[in-house]
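In what follows, a structure is listed as structure tokens, so that the remarks can point back to it.
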Amino acid sequence: MGRLALVFLMVWSLLAGLLLPDPGHMLAGPAPANPPSAGVAQKAAAAQSMKEPQSWLLKWKPGQEKPLSGTEVISRQTLFSAVDVVQPANPEGDIGDWLRKLRQTPGVAYVEPSGPVSLLAAASTNDPELPKQHFLDQIGAKEAWSTLHDQTDLTIALVDTGVDLNHPDLKDNLVEGTNLVRPGTAPQDDNGHGTAVAGVLAGAGNNKLGIAGILWKAKIMPIKALDEDGYGDEERLGEAILYAVKKGAKIVVLSVGLYRYSPYMKDIAMYAESKGVLLVAASGNDGKTLGAKAKVKYPAAYPSVLAVGGVSSEGQPEPRSNNGPEIDIAAPWSVYTTAVGGGYTREEGTSMSAPQAAAAAALIWAVHPDFKPYQIREMLRQSAKDIGKKGVDEAAGYGLLRIDRATSTTLKADAYEPNNSRDKAAVFPLGTKIAAEMAGHSDRDWYVINAPYDGVLSIQFQGITAADGNQPSVTISHYAGDEAQSVKETKLGNETGDWKVKKGNNYFELRLSDRQNQTVLPYLLTSTFQMSPDAYEKNDKQYSGFTLAPRSQTIVGNFHQSGDRDWYTVHFETGGTLKLTLSTDSVRIDPSLSIQRQDGPLLEVDENGEGVSETSELMSVTPGTYYFRVYNAMSAQASPVPGQYTMTMDFRTKYTDPNEPNNKAYEATVVSPGSDYVGVMGNKQDVDWYQLRLAAGSVVSLKVNGIPAGTRMKAVMMDKRQKALVTLESKTGESVMTTEKKLEAGLYYIKLTASAPFDKQYYRLRIDTDQMVAGYRDISGHWAESAIVALNKKGIIAGSGAYKFRPDASITRAEAVSMLVRAFKLPKGGSTGFKDVPAKHWAAGAIAQAVAARLASGYLGGVFGPDRFITREEMAAMLVRALKLGTAKPPKAPYNDVELSRWSAPSLSALKQKGIIGGYPGQQFKPEQTASRAEFASLLLRALK
């Protein structure tokens, strides 16, 4: 039978010097002090390469076992339920098809791979100045020894790498065990981990040799389930526990762990509990390495298993120890213990914490031989010393193990009281099993459970009834906010209710349903959690994949069901580059990513292990449909995990140049003024040529925008002989550059280059032309073009700079009198005398001439207002005075919007009679509207005629 790696994290002292597997295959922990041997390295490498299992655990429903076609049964255990270890009869066949058929077989409860587990130890501080057994003082072991230190009335099974059977400090405390690695041989430790655990648990005391274990005398059953390199498999671990139960062990120590949830292992843990056996397991040592991703390892994370975390030598939660709500208690992380070969060594890790709790449990049973496993757990919790955060927490659980208290304290039937109201609700850590008591109908037991995400919280209620079996019904109410969200009633002694919950604190009230019932009801509560489907479900098949927009984005999803596969579909309209990154917030997820182009092969990205992100190579995509698949590669049919994955999609559009080839002058793209032309710089040598043909002299405006950040672009405008006329270069950080040039009719070229290639965005080139007319670029096609040209020839008007006349701009008083003075050739005048017209003013002379000729006058306060705009009626009045027309009162109003009594009516009437002015439709003149430069020029030309 093939096997998966069961990787241990042991670090030896200088005395032991054991070599470790490659750290790349470890679940956690620092690298060993010595390099691994060739054999160890080869096995570690082989273990990592085995991504898929080579054997599976198949559980039958009661009484429905049957032969299976195409399946080889390797072994079967029937102690608590029929579970076969199976593999396909044809290893070269389609494993997926074989698994589907098995799971669809009537009578099959589940089929799951036999996954990896690992030993839990950590790197040594190797500090010889520390008291060699300081941990005994931290946990009150020496105080407890004053009353008891032996436990030979029960057997403690140690599932590990075996034990040094000849160690002088251990051999007298050992009983017959078994070797599951090499059946038929003694469970001799060929690794060292098991021997170290055994010394903490039961190194012989008061024998004038070496160290003293917490138990001076004991019955330790060594069960070798891991080989010399710390490898094993899930099936063998389960077999070891079942062996211990069958052989009468009362406690099973499991300083091993894995991050993958296994229904097979959970079944075994529950079976052991039902037989009165307490399982004690280490939480793991990845707290510092993995941070928030680290979770309590299995089997410690199963509710019926006593989960033990680590405590530093300072008596605080050890930061390297894995945290989680499943932690029951914590014990010292650093110990001095036995080593293979009869020696001693200093070791660290929760592997060394777990046997301390197991020894404490054994001593409690010495005092209370009738206790059940749940009572042992409660006693250890109740007697623990609160450390770290106040109350139960995820780092140390209920606190530091205190053996002296655990062996002398009276067990409380309900340690969670007073919790009769919501504001006094007791913390019920998720994923644990607690014991309490309801004292009649008036008693209300309130609990608060923190849900890590939105999902379904399952609470199993088990009433502990008397011999007559009478079980009063219990009402459980769920509160989120101020009101009860749902209410359920348990009518059976053992019943599980499911509750939809939101992330955060959820409150539960328990009470007897019968208001007259005064029964005292002890009970057990077990909590488990399953996440709600993510926002992209149902997307379990390629054809039902969730459609994503073709852009960079972040997707957050989860694996809410067994074997969950999440598919996503993206249709790219344009080509580009794509990089996908798949990360997770939990080490219980081994993220695996696959990418497939429609009708192409499925390419898997799964280079790393548990909790480690996967990133695809930067790939080129072409227009079309692509599929992404995400799943948890812990196993082929991984169980639901309370955790999330994040898929980051980084898509950069790769644009193609629609004008290529245009790398030479003779390939130049012909441009039409007023249009945008896009392009990219495909490589360092890329040059983009454009051609412009002018039919008449024009002012040419050139604009390039969309210049990428960090890139400089250069534009050279050349004549037909390719002589540079204008050179324009952007500065770093500028995204736009512009210039303009007055050019005569003819052929011109624009050459564009860039400091670096780019194809993730387009640059945009735009050429605008303004044809020159009478020296102006803004009058071509204007309604007053001919008037402006005529006046320009006469030298009467001038532009405003930049080859512009600004025909539609409002005309100022200074501009108007300047045009009049030149048009009517008025004699020179003296000084203006206006405060706002100094001698240096550009129109000072014209204003003086106009005032002298009485064409214009000033305003009160001695000002002229040269920059004030004139109205249409003021324009008319100026022209009347310049033409010296009579302005008698007209017989009727000249326009519908000019009353006869209006001051400008005579002037307007005189000009209208001469045919010099017109108006707007409806006999409107709009006298108060400002006059434009074009209007004044047109009116002046008619006046001159």
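Note that Cβ sites are derived from N, Cα and C of the backbone, with glycine treated the same way.
All annotation found in TrEMBL is predicted automatically rather than curated by experts.
As annotated by TrEMBL, active site, charge relay system applies to Asp160 (among others). Taking all protein chains in view, 32 other C-beta atoms sit within 10 angstroms of the C-beta of Asp160 (active site, charge relay system).
Around His193 (active site, charge relay system), a 10 Å sphere centred on its CB holds 28 further CB atoms from the protein chains shown. Annotation comment: TrEMBL describes His193 (among others) as active site, charge relay system.
Taken residue by residue with DSSP, Ser351 (active site, charge relay system) is part of a helix. Per TrEMBL, the feature active site, charge relay system maps to Ser351 (among others).
Under the heading domain 'SLH', TrEMBL lists 771-829 (among others).
Secondary structure of the domain 'SLH' (830-893) per DSSP, as helix, strand and coil residue counts: 21 helix, 4 strand, 39 coil. The domain 'SLH' feature in TrEMBL is assigned to 830-893 (among others).
Taken from TrEMBL, the feature domain 'SLH' covers 894-945 (among others). The average pLDDT the prediction assigns to the domain 'SLH' (894-945) is 92.
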(request) Translate the DSSP assignment of His193 (active site, charge relay system) into the three-state scheme. (result) helix
(request) Sorry to bug you, but what's the C-alpha spacing from Asp160 (active site, charge relay system) to Ser351 (active site, charge relay system), rounded to the closest Å? (result) 10
(message) With helix taken as DSSP H, G or I, strand as E or B and everything else coil, how many residues of the domain 'SLH' (771-829) land in each class?
(response) 21 helix, 5 strand, 33 coil
(request) Looking only at C-alpha atoms, tell me how far His193 (active site, charge relay system) is from Asp160 (active site, charge relay system), rounded to the nearest Å. (result) 7
(request) Go ahead and report the DSSP secondary structure tallies for the domain 'SLH' (894-945): helix first, then strand, then coil. (result) 21 helix, 6 strand, 25 coil
